[in-house]
Amino acid sequence: MIVFLYLSVFTFVIRASDPSHNEISTEDNLESPLCCNLTVDHVEVEYSSKVVENEYIVMFNGYYKNQARANYINTALNTSGVRKWKILSRENPASDYPSDFDVVIIEDTDKNAGLSALTNHPTIKTVTAQRMVLRTLKFINDNYVRRGRTSLSKSQFWQATGRHTSRRLLRAIPRQITSVLQADSLWNMGVTGKGIKVAIFDTGLSKTHPHFRKIKERTNWTNEKTYDDGLGHGTFVAGVIASSKECLGFAPDSELHIFRVFTNNQVSYTSWFLDAFNYAILKKINVLNLSIGGPDFKDHPFVDKVWELTANRVVMVSAIGNDGPLYGTLNNPADQMDVIGVGGINFEDQIAKFSSRGMTTWELPQGYGRVKPDIVTYGSAVRGSNIKGGCRVLSGTSVASPVVAGAVTLLASGVLHRGDVINPASIKQALMASARRLPGVNMFEQGHGKLNLMKAYQILSSYKPQASLSPSYIDLSECPYMWPYCTQPLYYGSLPVIVNVTILNGLGVSGVIVNKPQWHPYSPQHGQMLDIAISYSELLWPWSGWMAVSLSVAAEGATYEGLAHGHISVTVESPPGPGETEARQSTVTLPIRAKIIPTPPKHKRVLWDQYHNLRYPPGYFPRDNLKVKNDPLDWNGDHIHTNFKDMYQNLRNAGYYVEVLGSPFTCFDASQYGTLLIVDPEEEYFPEEISKLKRDVDAGLSVIVFADWYNETVMKKVKFYDENTRQWWMPDTGGSNIPALNDLLASWGIEFGDRVFEGNFKLNDHEMYYASGTSIRKFPKEGLVISANLHDQGAQMLGETSEASKVHKVPVLGLHQTKSTEKSGRIIIYGDSNCIDASHLEAPCYWMLDAMLEYTSTSHLPSIFQDNQLKNWDNVATTDVPVRMDGNRLYRYSKVLEGNLGESQARPLPQCPHLVWAHPIPLNVSAPSNLYQSQKLLSLMEDVALPTLNIENMIKDASGHESNEDADLWMWRNKQLGQVAYQNENFNVTLSVLVLLSVLVFCYWVRLYRPKPKKRKICKRLVHFMQCRRMSTV
């Protein structure tokens, strides 16, 4: 498995690459006109990933002492024939405790036998590779303009392009982020973070830094003999959380536990993080701010350890990523259900351009992603501690993350008296329930909205253990918040719409759904027009689970137009809490509103093929545009609601209805659709799919194909070293799987070539850019073909300068009316998908897609295609037939192929998905007009006034005795604090309001009717004197 980490002052993304390649990312830093003692730098982050030869992380099924782990490894390897191996000694604060992993060095030339023996040992869970991460921060004090990322690679293969370079006036930067979020109100009540242990995984912190009151513990997990921060990143993050001077943090009295996991040379290892995570569990850390992330949600050791942390009541806060404004760019671990994923906004309450957007892509292609981020907060131009004192201003979601981590620390310290009622789920529930929704912003940009510290405190003060849902309702008619669901109504015969709902379980770390969720249609509001299918997690752990709701229109709604209402009820059960004898239960409802229309005409229905799109993780599938060097992986999901979002919106604006096919071609009724849209497929095709598509086209279905580059030699050029398998990896396809597409299109005599072309051209008045596309090698004579004059990009990449400088006449677009039957459909192919892919869009061609659909749906050929028709094939670029690369491993990630003795072969055709519709239990009730406003986001006790807490200097434990600083002060772990005193505010609210109004009326009367004072001579003399002073004496 390819592994990526993300860590920077704002964002740090480790991209898989050749070890010789380096990358630079830059971040925005804005100077505040209001700040004094402030240093302002911009940061260049140079990073790379290097291989640790022969080192492997062996994860065990449990925690064992050193000798026991060594015995298990000895037993496994001594019978494998491997002789040259040893267990790497780890000297760090966790070394004396039981652990669940070891690092093993295997130096034999044949390692496979040893790795296989370790993997098959009953006490060993997984064997993955050790890796080293290298990062370099450069703080440059100059007039800074964002230039994007640039590559320092010797080969200059992955080189960045800039974006977001425009400037505009910004609101003045607040002096204290804590004041903006009203943390000082909680400070005035005695809530300052005392009693909470907060861990900061970063670059360390100086023990003598003047901003911090209580640095409880500093631990070093690196191979350097220092605890201090040599770069400033860890200092800034710690300052946002807990600074007590100048640039104030949220929880100045919290216990800071500093985990130094990066060296001054910005080197770290996976094993360092795993050891540090284990130590955080041992130290009973309460809140953990994690400044790492990346697209690899299949990095199992890391993901599993995050689950283990939250299962041990550690509230984990993580940045959602800085890959916005593109959708489908969420980073792990912030995209996990048990982690608080934080996005960024500026001080004008606008979503920051750099903030990554949802949806999650774990669930693709068969399912649909979850809502993330969870909340957003200020992450642009925030002040924090500088490494040598004073303050600095930085931006990014890794700034927003410690803002929320500091807020969580402050909140937790104010509700210590609530005991184990407070847990990672309840904290997350309170943040989401209290968040203020930003107008005009959808849920995949803002989650539940902007952090509201005071309201969250009020909710936690009266919190009752319960389950909750995210989103808390489904309204397919509410725009823009419910985008994209609100953009297309339901209709009979469409593929089901899937809404992936997250279940947060505040009852306990584990739970189950009992008695199955129930569907209650509202009879007065046509709820019976909906068919609902529900699937869900068998186990809710840790603190969370999922529920997939599939919505479709029942047969009786085929001609109905209007709204349909109902709700789903879900009961969650968890084991009894401390001192309880009965299981905890919580029932929560999910209101549903859907807009239904009569089924659109066939020619207006477009089917998007999602099933044949593959992406990272787990395999290496390269970017479609070879000019884009800073981001080599295709990791955005290739979905109409992620990187093809703009294309989807264009189709909807043109009146087309787009449905997503997450299953093979054998699973859809082609008679219901006008066009099948196949874009950038990496997957193979079942033989049954190929034959069915031929029958479907003969029966009238039209097909549009957008392909991408494919060339064996270029694929070898973009190889990189996989850090887990210790092998050089070549992509198993190019931008698209052209050999598979050629098999699919062979029935019509259509074939793509194997050369890679790039360049600008025009179709009438339309500027076009062909980015790393393939060419048409064969096309029916009666078809229409359009060519463009392009350069051979493949030759350029391979250093063939003479060939690269030539201009070639390249067939790029073909349109064909098939004639097997009188009603046969039409086929259009285009060799490049980048003009409809928002990932690295340079010249959009949505107009061309509209023209294509006009041809496929009505058979009318737009004049722009006729005007540019290729008259003859003389002097067109010649290409070879593309073939599959020998030894490719596509079968490891394919849903179509399977490996057999090292060879690929087609799997048996899977069964088509069959939904089981929930039995409706009608209710004679009506839903309110606004589901959001009507929702009690949490079923709390009645709202209570915020208490003023008198926090004693010495916190008492359950026995009532005063405890020292080393005692465990965290009450989530079944201890109880001494009684917390409340100061009741004894005044009459009504009387206070009346008195205030009386004062205001009196002041207004005095201002309106008081006599104007006469000017006095002394005033005139004073004015005359001042005027004289201003006169020049020269």
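Heads up, the Cβ atoms here are built off N, Cα and C, so glycines get one too.
Database features, via TrEMBL:
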SIGNAL    1-16  signal peptide
DOMAIN    51-131  domain 'Membrane-bound transcription factor site-1 protease-like N-terminal'
DOMAIN    193-449  domain 'Peptidase S8/S53'
ACT_SITE  ASP202  active site, charge relay system
ACT_SITE  HIS233  active site, charge relay system
ACT_SITE  SER398  active site, charge relay system
DOMAIN    470-599  domain 'MBTPS1 third'
DOMAIN    600-868  domain 'MBTPS1 fourth'
TRANSMEM  987-1006  transmembrane segment
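Per DSSP, the secondary structure of the domain 'Membrane-bound transcription factor site-1 protease-like N-terminal' (51-131) breaks down as 22 helix, 33 strand, 26 coil. Distance between Cα atoms for ASP202 (active site, charge relay system) and HIS233 (active site, charge relay system): 7 Å, as a whole number. On the 0 to 100 pLDDT scale, the domain 'MBTPS1 fourth' (600-868) averages 91 in the predicted structure. The Cβ of SER398 (active site, charge relay system) has 34 other Cβ atoms within 10 Å, all protein chains considered. Between HIS233 (active site, charge relay system) and SER398 (active site, charge relay system), the C-alpha separation comes to 10 Å. There are 27 other Cβ atoms within 10 Å of the Cβ belonging to HIS233 (active site, charge relay system). The Cβ neighbour count for ASP202 (active site, charge relay system), using a 10 Å radius over every protein chain in view, is 26. Look at the domain 'MBTPS1 third' (470-599): DSSP puts its residues at 12 helix, 69 strand, 49 coil.
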